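Per TrEMBL, the feature domain 'Aminotransferase class V' maps to B:7-372. Residues or ranges marked as pyridoxal 5'-phosphate binding site in TrEMBL: B:Ala76, B:Thr77, B:Asn156, B:Gln184, B:Thr204, B:Ala205, B:His206, B:Thr245. According to TrEMBL, the feature N6-(pyridoxal phosphate)lysine maps to B:Lys207. The active site, cysteine persulfide intermediate feature in TrEMBL is assigned to B:Cys331.
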Amino acid sequence: MAYSEKLIEHYENPKNVGALDKEDPEVGTGLVGAPACGDVMRLQIKVKDGIIEDAKFKTFGCGSAIASSSLATEWLKGKTVDEAETIKNSMIAEELNLPPVKIHCSVLAEDAIKSAIADFRSKQSARRTLASEPEAQGATPRAAE
Amino acid sequence: MAIQFPIYMDNHATTPVDPRVLEAMLPYFTGKFGNAASRSHAYGWTAEEAVSKARETIAKLIGASNPKEIVFTSGATESDNLALKGVAEFYKEKGNHIITTVVEHKAILDTCKRLEKQGYEVTYLNVDKEGLVDPDDVRKAITDRTLLVSVMLANNEVGSVQPIGEIGKITREKGVLLHSDAVQGIGKVPFDVEKMNVDLASVTAHKMYGPKGVGCLYVRRSKPRVRLTAQMDGGGHEFGMRSGTLNVPGIVGFAKAAEIMLQESEAESKKLFALRERLRTRLMKELDEVKVNGSMDNRLPGNLNVSFSFVEGEALMMAIKDVAVSSGSACTSASLEPSYVLHAMGVGDDLAHSSIRFGIGRFNTEEEIDYVADLVIGKVKKLRDMSPLYEMFKEGIDLNSVQWAAH
C-alpha cells in the first residue's frame with residue numbers, strides 16, 4: 001500500500017509517545033479499540049487552566065493507526081478542551097491522506113480524543129463533589145464506552 | 001558478499017527463477033519456438049521432444065510411474081480447479097461428496113464453494129492447534145457418496161506438513177480418490193504419489209525456482225485410472241484433459257527446476273532448516289512473548305510463522321521494509337479479516353494480527369538471517385515501547401480481563 005509522506009514521517013518518528021500519570025486530576029485518559037480488532041489507542045491529555053498543555057499516546061495498531069494518534073497529540077497541544085472536541089476524524093484522514101481501508105484508524109483517533117476529554121471532565125466534576133461524596137476510582141482498566 | 005536490499009524472505013508467495021532454469025528456457029523462446037502440437041515439421045518435433053523429456057523429469061520428482069500422468073496447466077490454481085471440478089463432473093453419477101480441510105488454499109476452498117452451489121456436498125475438516133488434519137477424521141467423514149478427498153501437502157501460511165501417506169492408506173482402502181495440492185511441499189519434504197497413494201496432485205513451477213504461469217496436475221493412470229472432465233474446450237491437448245497450446249519455454253523451465261530439486265533438495269532442506277532455526281532461536285532468545293504458529297515437528301524447513309505479541313503485523317512490516325515478508329494481520333489483506341488458517345488453529349485474533357511469516361529460500365544467506373534477526377528484534381522493541389498493551393502486560397494486567405470496546 002502506498003502511504004503519504006506525512007503518514008510515513010509520523011509513523012517513523014512519532015511525536016509524543018509515552019504516558020502521563022493517569023491518577024493526576026489534570027490528566028484525562030482515553031483507551032479505545034480492542035486487541036482482537038488489531039488496534040488499541042491510549043491517548044492522554046494534561047489540562048492546565050483550560051488549555052491542553054501536554055498530550056501523550058501509545059498505540060497498538062498498523063502504521064496508519066500510529067500516525068493518526070501521533071498527529072492527534074500534535075494537534076491537541078495548545079488547544080482548549082472545547083477546541084479539541086472539534087477535531088474530526090475526516091480532518092486526520094485528510095491530513096495523512098489515509099487510503100479508504102484505513103479510515104477507521106482516524107475514527108479511532110477521534111474516539112480516543114473524545115474519550116480522554118470525557119475522562120478529564122468526569123474527574124473534574126468528581127473533584128468538585130469530592131468533599132461531600134468521596135469516590136474510589138476502580139482499579140481495573142477499562143476501555144472507553 | 002554484500003546484502004541486496006530489500007531482502008527477499010517471502011518464498012511461500014513465489015521464488016525467483018534459478019539462473020540455471022532461465023538458461024535452459026531461453027532457446028525455446030527464439031530458435032526452438034515451435035508448437036509442440038505441430039506434427040509436420042522439425043520445429044514441432046523439437047518442442048514435442050522437450051515437452052516429453054519434461055514430463056519424465058517431473059514424473060520422477062513426484063514418484064509418478066508414467067510420464068503421461070503429468071498434465072501441464074497454467075499453474076496450481078488451474079490444477080486445483082481441474083482436479084476438483086473435473087472429478088466431480090465426471091463421476092457425478094457415482095456420488096456428490098467431497099472432503100477437504102479448512103486450511104486449504106483459496107483455489108481449493110473457492111472451488112468447493114462453487115461445487116456446493118451446483119449441488120455437491122463438501123465436508124471441511126478442522127485442524128488441530130498445529131494446523132494438522134487427523135487422518136481418523138478423514139476416515140469418519142467418508143460416506144458411500146464420497147468421490148474425492150483433497151488435502152494439501154503443506155500449508156502456505158504456517159508450513160504444517162499433513163499426513164498425506166496416512167490419509168492415502170485410508171482413501172485407497174475406502175476406494176475414494178485422493179487429491180493433494182502439493183505446491184508448497186514439493187522438493188522440501190518427501191512426496192511420492194505411489195508410496196502415498198495419491199491419485200491427483202497439483203504442482204506449480206514458480207514455488208520451486210521455476211517460472212510463473214506453468215504447473216501441472218498429476219492424474220493417475222492405473223490402479224485406479226482416474227478420469228476427469230476437461231474444463232476448457234479446444235484442441236484436446238494433454239490427453240484431452242487440458243486444451244491450449246503448450247507453454248514450451250515454461251515447461252522446459254519447470255522441468256529444469258524439477259531436475260535441480262531431484263539433485264539438491266535433500267541438502268537444500270537441511271540448509272533451509274538450519275537458517276530457519278538460526279532466525280527462530282535468536283528471535284525467541286532476545287524477545288519475550290514470541291509464539292511460533294504451527295507445528296515444530298511437521299513443518300516446512302524454510303517456514304517460520306511467528307506472532308510478536310502486542311505488536312501489530314502490518315506496523316512491523318512497515319518498520320522492516322528492507323525485508324520482504326508477509327503477515328496474517330487483517331491490515332495486510334483487502335478483506336480486513338485476519339488469517340483464516342490461524343483462526344482455524346485456534347490462534348486468537350489478537351495474535352493473528354501480530355503474526356509474521358518468514359519464508360526462507362534457496363538464495364537466502366546466513367548474513368541475511370542475522371541482519372533480519374537484528375532488525376526485527378530492534379523494531380519489535382521499538383513498537384512495544386509504543387504499545388499500550390505491552391505496558392499493561394508488563395504491569396501485570398490480564399488483557400483478557402479488560403472490557404474492550406470492539407469496533
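Even glycines carry a Cβ here, placed using N, Cα and C.
Cβ-based crowding with a 10 Å cutoff singles out B:Ala205 as the top-ranked of the binding-site residues B:Ala76, B:Ala205. Within 10 Å of the C-beta atom of B:Thr245 (pyridoxal 5'-phosphate binding site) sit 13 other C-beta atoms, taking all shown protein chains into account.
DSSP gives B:His206 (pyridoxal 5'-phosphate binding site) a helix state. Cβ neighbour count for B:Asn156 (pyridoxal 5'-phosphate binding site): 24 (other Cβ atoms within 10 Å of its Cβ, all protein chains included).
B:Ala76 (pyridoxal 5'-phosphate binding site) falls within a helix when secondary structure is assigned with DSSP.
Set side by side, the recorded positions B:His206, B:Lys207 differ in how many other CB atoms lie within 10 angstroms of their CB, and the most is found at B:Lys207. Reported as a whole number, the C-alpha separation between B:Thr245 (pyridoxal 5'-phosphate binding site) and B:Lys207 (N6-(pyridoxal phosphate)lysine) equals 23 Å.
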